[in-house]
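Taken verbatim from TrEMBL:
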TRANSMEM  20-43  transmembrane segment
TRANSMEM  141-169  transmembrane segment
TRANSMEM  181-202  transmembrane segment
TRANSMEM  209-232  transmembrane segment
TRANSMEM  238-261  transmembrane segment
TRANSMEM  273-293  transmembrane segment
TRANSMEM  305-324  transmembrane segment
Amino acid sequence: MRYDDILQHIGQIGPYQRRAFLLFCVPLTLYSMIIMGSVLIWIEPPHRCAVPGLENDSFIIQSEYHRALVNMSVDSDSDCLVFSNFSISEPFSGDGASNISVETEECHRWVYDTSEVSSTIITEFNLVCDKIHIRATSAMAMFAGCLVGSFAFGILADIFSVNLLYYGLSLHLYHLPGNTYFNYFIGSVVELAAYIIAYLILDRIGRKTVHLATMFASGIACLVVIVPVLFLPSEYSGLITVLAMIGKTTSSICYATLYIMTAELLPTVVRSSGFAFCSIFESFSAMTAPYIADLGRLMGGHLSQALPMIVFGSAALLAGILSIQLPETFGRDLPETIYDALVYERMKDKNHSDKKDNTEEQKNEIITECLL
């Protein structure tokens with residue numbers, strides 16, 4: 001009896017399957033809170049170096065005297081440098097500009113804008129400037145746990161590992177223009193909408209069409225960010241957020257489609273281990289996503305705001321091109337053996353003789369032909 005015949009005999013989803021599904025949702029909810037909570041925990045508010053010797057310094061300018069101290073001691077072109085040989089005890093006149101030294105040095109104390117957030121891990125431990133990589137490293141370590149889980153519990157098919165585009169855009173939320181909390185809310189709304197859209201169209205349009213369309217749409221949306229960054233004034237910075245949300249929506253649809261498509265492509269005999277093998281590579285890409293999300297901060301320059309989106313968009317387009325050769329799986333019998341998977345395209349016609357009637361010698365010839 002074939003696997004599809006067993007599923008047909010068992011019937012559609014019932015009370016037991018619904019209860020099992022709800023039980024799986026509980027730990028996944030906690031998992032989502034841990035992963036996506038990092039977007040809020042690691043918010044980096046606007047900041048600058050503190051005025052050396054001024055213990056009660058604040059990010060908000062309190063007076064003209066305070067403004068003069070900031071101008072005289074802090075390099076306005078950098079968040080990490082102060083002017084050398086500055087002493088708060090020395091007298092100055094005017095706005096302090098004439099007292100500025102041309103030499104700079106790294107500062108070791110910062111003040112942060114608390115108008116949006118009062119405290120984050122960034123502000124508590126001063127994870128800025130030469131410590132900015134710690135944020136990406138901590139996220140990488142979190143995703144490394146997914147990789148370890150893939151090795152240790154491969155039979156469980158850890159299909160909830162993440163891919164570069166999906167989590168890269170999710171972790172990039174705190175770099176987008178505008179209020180971080182509002183961006184987070186919109187990101188959550190569009191992701192929910194994306195899964196509803198995927199549910200409505202996957203059984204109407206087909207897996208491959210949806211996968212390719214959303215993958216290319218994500219890539220294009222990410223790459224178009226170059227336009228507002230390079231050619232439009234700062235008043236249009238909101239367009240960057242809009243494009244990022246379009247990319248997140250389409251990547252979420254692609255994310256949902258990918259797992260269904262993978263399950264339908266892998267033969268029954270290796271489906272669980274095949275998922276585990278795929279999750280290893282997904283975990284590797286997820287480990288690089290935090291570094292790419294912080295790439296603009298690490299590299300600096302005029303393109304810093306668009307640089308992560310360029311990488312994500314290029315990866316999406318490349319993946320879309322490579323996916324063109326994948327077969328459509330909608331409405332097809334699940335492959336049960338390695339042989340079925342190799343001749344999947346030949347089995348489109350259910351009456352094709354390759355499906356059941358070939359001898360072992362003919363099957364070996366077909367397998368050799370497919371491998372070559």
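Using the three backbone atoms N, Cα and C, a Cβ is placed for every residue, glycine included.
All TrEMBL annotations are machine predictions without curation.
From a predicted model like this one, the values you see are computed outputs, not experimental measurements.
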Of the listed stretches 181-202, 238-261, 273-293, 305-324, which one has the most C-beta pairs under 8 A with the transmembrane segment (209-232)?
305-324
Ranking 181-202, 273-293, 305-324 by the number of C-beta pairs under 8 Å to the transmembrane segment (238-261), which range is first?
181-202
